[in-house]
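Here is the structure we will look at, set down as structure tokens.
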């Protein structure tokens, strides 16, 4: 069939990426993009590809999703995730889930095995049990770094807002060879958030949106700001009005900044397979594979390009 050239774009979160974590973040998004692209190359669907890419980053402690998630005010990990299929607008999401390694996998099961779109907290936990998803001890998801930050934020003179700039939601968008698009997004949320806080990630149209008629997008940044402008859907709206992915992304990010003072980042692919990775924060780790070429970067204006073969070879050698 091969009508479309498959494309995958991933992000590892917008914000401020501290020097000592840069290499790990770069390697992590590159690995996720290569894994997702591998699924597409073998004829897998866009939904399979975004799930695989996001799972790869959930398992990577460099990112604020799955293992490595930030802690809420009580020192626990509570995670949100969404996945969406652009073919029929089916979506599944989970919010405030604990003790599972891959929330995106659970979101996919919500999409495929229930008539619902969003399960939360205890209900999501019961559903995970019913689906045979293994429970893991909460401590297994907590890294030294997350705990350190949580402690710092508890100090009376701390400013958790300062730390929020180092966010780290993860996400992926893809178009497969049949022209279907999909998105997936997963996060541990905000450090020291109130128990039960759910941000943009689990909300359809905010944390992500996918529609074969226009394209797919996954967002990252200040969740409450993203929700106020329904950022993912806004970008697709701009593309429906004829904007390119890049202009649509910049226009929507600019609106979020001027209207509500919110910063963030987005990855986009349109139905023609054109892509963009744009952000209003200082940094956002991202990577794309299209036409057997890998593109990746962290800083504004930064773009490295490698051949797929070269990228896969250095991946095997440990980047």
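For all residues, glycine too, the Cβ spot is worked out from N, Cα and C.
For residue 169 (active site, nucleophile), the count of additional Cβ atoms within 10 Å of its Cβ stands at 32 [all protein chains shown]. As annotated by TrEMBL, active site, nucleophile applies to 169.
Residues annotated as substrate binding site in TrEMBL: 197, 198, 199, 200, 220, 221, 222, 223. Counting every protein chain shown, 31 other Cβ atoms lie within 10 Å of the Cβ of residue 200 (substrate binding site).
In this structure, the binding-site residues under consideration are 197, 220, 221, 222, 223, and the one with the smallest number of other Cβ atoms within 10 Å of its Cβ is 197. In this structure, of the binding-site residues 198, 199, the smallest number of CB atoms within 10 A of the CB marks 198. Of the candidate binding-site residues, 197, 200, 221, the one lying closest to residue 169 (active site, nucleophile) when CA atoms are compared is 221. The maximum pairwise C-alpha distance among 197, 198, 199, 200, 220, 221, 222, 223, the residues recorded as binding substrate, is 16 Å.
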